[in-house]
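For reference, TrEMBL has these:
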- B:17-56: DNA-binding region (DNA_BIND)
- B:GLY91, B:ALA92, B:GLY93, B:HIS94, B:LEU95, B:GLY96: NAD(+) binding site (BINDING)
- B:80-181: domain 'CoA-binding' (DOMAIN)
2 protein chains.
Amino acid sequence: MPQRGEAPISVIKRLPVYLRVLDNLVKRDIEVVSSKSLSKQTGFSAEQIRKDLAFFGAFGTRGTGYNTNYLRERILRIIGLDKQTNVAIIGAGHLGTAFARYNIRENPYTNVVGLFDVSPDSVGGEIEGVPVYHLNDLQDMIKQEKVQVGVVTVPAVHAQEVVDRMVEENVKAILNFAPAKLNAPEHVTIHNVDLTIELQSLIYFAREELSADRDKEENKEE
Amino acid sequence: MPQRGEAPISVIKRLPVYLRVLDNLVKRDIEVVSSKSLSKQTGFSAEQIRKDLAFFGAFGTRGTGYNTNYLRERILRIIGLDKQTNVAIIGAGHLGTAFARYNIRENPYTNVVGLFDVSPDSVGGEIEGVPVYHLNDLQDMIKQEKVQVGVVTVPAVHAQEVVDRMVEENVKAILNFAPAKLNAPEHVTIHNVDLTIELQSLIYFAREELSADRDKEENKEE
């Protein structure tokens, strides 16, 4: 029986990786995949993969593996990507542009309906065929395009206002890249990605190796 | 006594947020901060904050709070940011540029020594005063600038080669944004950030609200 309730975030973050691999296999008409093969392609241990999939009730066939089509459909449903999700990206600077291009190319399950900015250099243009609107049109476009998810890549000082506008239009999920603590009603899910924090936490986890290198350097200079 | 061994990743990811707040307080000559005030500024509960800091042996003064200077220094040492860390960003496209600008502005504890690319549009230029070198110069510059951390923002197809070159020059920590499974010796720490996965996992955690919205829409159309 699939587990009810919320899966641990570590499992959830692996599901899209499985999805990407399964997309590829399905595209190549490969119908079955073993946990060992999934392990090679994802970098996760075969045991971890089996545990993750068992958590959601997807048991492979012993000795054979998993049916790729079936597993892909299951994962899409679990994540909630089986229905179209309309996404708006607020901020068409480098990060917003990178995010838009990356998502449009790599993520067939979400629909980027527009980017929003205030700069005359970007407004009126297009990124990968998606229009860049003026920020003033945000709320109208959210209604018109039925935007459900907002991605915030504006400077910290503007982030709260952007969130407020989206919440007014009933956007329920926000991915925030601005280094700011954002406020929203409880029913709105906000995830924060802070590129600086990713770098700093990497440094923590690599600190022993980095420290050993510094000691070597200092000894050389003596 | 501070805990030995590795802190849970959830705690580690909060430390840089505390750091940012403390930087700000120290800059404004504010010498003491309560867990309640830290809570307001970070969005974490006061209880969580006290637990995190206690984990590292930083106990505040009951009724008063924490000494900001002291706490900031402690956190810098814990993360490993008390010594300079030299960073190279490979890929000067939108994502690499966004990352460079963001890190140079927001992260005084790391030193971006160069970006690397192959495009004539960026090579020879500068981003926030940091030179963009040709990728062919990567290994020489790693030696010359004592680069310890690499940030990979190149397309997936090139990512492994870039990692190989960095590992050859003894880079020990890599932050990877390419949607690819990268291989490196065990002593090299690789953290992966996948912007698509962040979006997909947000959708999972917001799925009930998103689903309710879709049902409302479908009912409207009937």
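The backbone N, Cα and C atoms fix where each Cβ goes, glycine too.
The Cβ neighbour count for B:LEU95 (NAD(+) binding site), using a 10 Å radius over every protein chain in view, is 26. Counting other CB atoms no more than 10 Å from each candidate's CB, the binding-site residues B:HIS94, B:GLY96 peak at B:GLY96. Chain A comes close to B:LEU95, taken from the binding-site residues B:GLY91, B:ALA92, B:LEU95 by a C-beta to C-beta distance under 8 angstroms.
Across the range of the DNA-binding region (B:17-56), the DSSP-based residue counts are 29 helix, 2 strand, 9 coil. Long-range C-beta contacts of B:GLY91 (NAD(+) binding site), restricted to its own chain and to partners at least six residues apart, with a cutoff below 8 Å, comprise B:LEU115, B:PHE116, B:ASP117, B:VAL152, B:THR153, B:VAL154, B:VAL162. The binding-site residues in question are B:ALA92, B:GLY93, and the one with the fewest Cβ neighbours inside 10 Å is B:GLY93.
According to DSSP, the secondary structure content of the domain 'CoA-binding' (B:80-181) in residues is 37 helix, 29 strand, 36 coil. Note on the domain 'CoA-binding' (B:80-181): mean pLDDT across this stretch is 95.
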